[in-house]
Amino acid sequence: MAPIRNNRFQQKPQRKIPLHWIVMVLLFGLYFLKEAAFSDFESSSISVLSSIISGILTGPNKESLKVWDWKRPDLGNVKQHMEFVRTASEIVPRNKYYPIQHVHRNGLLHSGMVVAVLDSNVANIDAKILLLKRAPQLVTCPNAWGLVGEHTFQDETPRDTVIRGMKEELGDAFYQQFVQKGSKTMELVKLPVYVDVDYSDNGSLIDRQMTHLHVIEMNTPLEELKKLLELDDEVAETTWMTRQEIQEGWMNFNPAEKFCSNELAVLLQLVLHRLDDFEREANADKYEAEMHAAAKRKAANKAAAKKAAAEAAAAEAAAAEAAAAETAPAAEDEGKSEDDEDDEDSDSDDSDE
């Protein structure tokens with residue numbers, strides 16, 4: 001028979017909290033206090049807390065955006081839309097990563113790309129540029145047209161972002177054509193331009209982005225490129241237009257409505273201007289030869305006009321001389337006739353006497 005135990009005096013075993021949980025809670029508390037105390041952007045504690053919890057649970061994933069500071073002590077903190085970064089050292093990473101939605105909700109400075117995809121190359125003045133129309137169900141900028149654009153994820157280089165954007169937005173077949181053709185990407189600007197767009201009417205987002213401008217030269221027939229496109233449900237429509245067609249057809253007629261906002265229309269205008277510059281630079285020798293030929297034609301035309309004028313003057317002088325020569329004998333004959341008449345009158349007078 002088992003002995004009877006006095007449960008009243010029996011000590012219950014204690015449940016110990018794992019040490020790593022204690023450390024995690026302490027670290028979490030310290031991190032949250034630091035963020036709440038030193039955060040330099042407007043954000044609710046709930047927003048900060050949710051982002052921190054997400055970061056602790058999942059860690060900064062590859063789709064997190066790196067946050068930057070733009071340090072310009074001589075210009076102050078006021079930044080203007082479409083202002084260029086002067087030196088790369090002005091842009092300083094915070095080494096903090098947040099989800100895209102959090103970055104836009106709080107207007108944090110991040111990095112991204114705008115890419116002009118050409119069917120041919122920058123040297124071709126008639127190169128077609130790909131434009132995408134956003135789907136009507138999207139919260140931000142529904143039905144607006146624009147270029148290919150992407151956010152730069154953590155640890156990506158600008159070119160990495162361009163290539164990923166091409167794969168994700170245009171499809172793997174399009175990218176494979178890019179590889180097979182040996183196509184290339186180029187920077188339209190050496191340093192990014194600051195883009196500041198307030199989407200208060202489109203989801204209450206604030207997009208403050210250091211925007212790199214790139215161009216992709218596909219050097220592929222347009223009809224072939226159209227067949228290669230594999231678009232997701234965020235794109236409702238596509239079109240290909242030359243710089244002149246965009247400028248004359250769209251930029252001159254309410255571009256803010258066509259491209260979602262004045263800020264984005266101005267950004268597209270900058271891309272068009274830089275493509276103009278690249279086209280002139282690529283064809284500099286050709287244009288110089290054309291200008292030289294035009295100058296020679298102008299000089300030849302001037303010489304021909306001068307020669308023609310001289311010949312006309314000479315012809316006019318010759319005609320005047322000929323006319324003078326024709327009138328001289330007639331005047332001489334008339335003079336002789338008058339002399340004869342005088343002689344006859346004189347003879348008549350003599351006979352009367």
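Backbone N, Cα and C define each Cβ position, glycine as well.
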Listed range which TrEMBL flags as region 'Disordered', given the options 189-243, 299-353: 299-353
DSSP helix/strand/coil residue counts for the compositional bias 'Low complexity' (301-330): 30 helix, 0 strand, 0 coil
